[in-house]
Amino acid sequence: MGPFHQQSRERLLSQNEYSDMCFRKITNLCELGHSDRRRIFFAVKMGMALALCSVVIFLKEPLHDASKYSVWGILTVVVVFEYSVGATLVKGFNRAIGTVSAGGLALGIARLSVLSRDFEQTIIITCIFLAGFIASYSKLHPAMKPYEYAFRVFLLTFCIVLVSGNNTGDFFSTAYYRFLFIVVGATTCLVVNIFIFPIWAGEDLHKLVANNFKSVANSLEGCVNGYLQCVEYERVPSKILTYQTSDDPLYSGYRSAIQSTNQEESLLDFAIWEPPHGPYRTFNHPWKNYVKLSGAVRHCAFTVMAIHGCILSEIQAAPEKRQAFRHELQRVGNEGAKVLRLIGEKVEKMENLGPGEILNDVQRAAEELQMKIDSKSYLLVNSESWAATKEKAEAEEYEEEAHETKVIKSLSQIWDTNSSSNNQNPASGNDESQIWESTESMMLRNRETWPSVSFIGGSVVNETVYKVYESASSLSLATFASLLIEFVARLENLVNAFEELSTKADFRDPVPLNVVDQEGLWTTLMRLRRLRRYFGRS
């Protein structure tokens, strides 16, 4: 009973663990769809497109001879149907180019091989080799990267038409029905993807760029507040040190903006193909300017990344020194985040900037910070060591001048002595070079000496190390302030990129608040007047 009971218990535990694992996976799948409902609609549309295309298989009466080729329609749906409309259009275009070009070329080569009779298979094999070599080599060119799928379809269609046509003896039917069912599958994908809950890549690109503004603004504001509150990391997370995904809100904010480059490029390639829809009313909507604007945001995010590095640094400024610049640092951070959020809101609403200058407040705050640094620059350096170093340098300069004067006098005396001795003994000319060498070593003696400081304990060493770290901590505060000023300077490029986008995309002008109030009041008065007329008649 004991071993049997133990085995039953282990079997029951394993079944419970398996059921828990299945439940967790189902829960994760439900959360995946709940976080973005478009994923559910995409899956439904994919199944619908496959079902519609599969109907062709059962239509044996009108297409009795072609039913065996209907699988190409299903394969086209599986391969071409993508998440967004733009991606589907790109895949469909590449498949059409590859199919048409390969089908036409294969029919021409098939006709040539039939005329050659005895060399038919030799010509087919040679042409397949050449097509594979040329297509594979050409798609490696950087300019051909967007058409890589077209090259794959070209090779597949070219080989199938030649090989299967040679076996059946009917090249034209193979090429024709393959092209026909590919058109049916691609058309099904486009109709379902465009007219049934469409998912637009351009809209995703628009939202991604707008969210980058908010992410960088949150990181900037959080970094400034954390620095002024003397927030320190006991141990910097390894994920931050290796630039991986982390839960730190200060880190994840600017990292998401920096890491969005590849996603923006792929969305841009798809958005260019999409027809006008929603607020994007033109075929030549400036999608590239959205990516350019996001690049300007990343340029600012790099500065925020360096500002966050000041918080992660091991050498930190003293809290009392931070409080001396608290008001100015806080204002620059708040005004900079305010500008980012305002531009991000304008991008999201597709509105122009207001009549006022958007950078006035943040630039004024940066100027006040710069003036505060100038007035209290003594807090950013070790004034005692600066004064002591200056006095020491002046004393050394005075001693060096006096020493050079003595050396010159001794040189003149030595020269007179040598000249007189040379007149008495001409063979003693070799001693002159030794005298010059000893004199040169005498002049360089001060430059060759190095202050000998022992780091093996002692109060003097501790005091020296303390002063070094104190000076470095003050420089940390200066670095933080200078990075904030640099961030403000980069905002001008960001505003210029937004104005270029708003001009090309024809953003609408913002509606003044007083106009909205007047319209609301007028509408209210008209409603009251209508109510009075209604009740007066009744």
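Heads up, the Cβ atoms here are built off N, Cα and C, so glycines get one too.
Under the heading coiled coil, Swiss-Prot lists 357-410, citing sequence analysis as support. The annotation transmembrane segment is assigned in Swiss-Prot to 40-60, 70-90, 96-116, 123-143, 153-173, 179-199.
Of the Cβ pairs linking the transmembrane segment (70-90) with the transmembrane segment (179-199) and spaced 6 or more residues apart, 3 or more are under 8 Å, so the two regions touch. Looking at 40-60, 96-116, 123-143, the range that has the most CB pairs within less than 8 A of the transmembrane segment (179-199) turns out to be 40-60. Through the fold, the transmembrane segment (96-116) approaches residues 123-124, 127, 131, 147, 149-158, 161-162, 165-166, 171-172, 175, 178-179, 182-183, 186 of its own chain, all at least 6 residues removed from its boundaries and within a Cβ separation under 8 Å.
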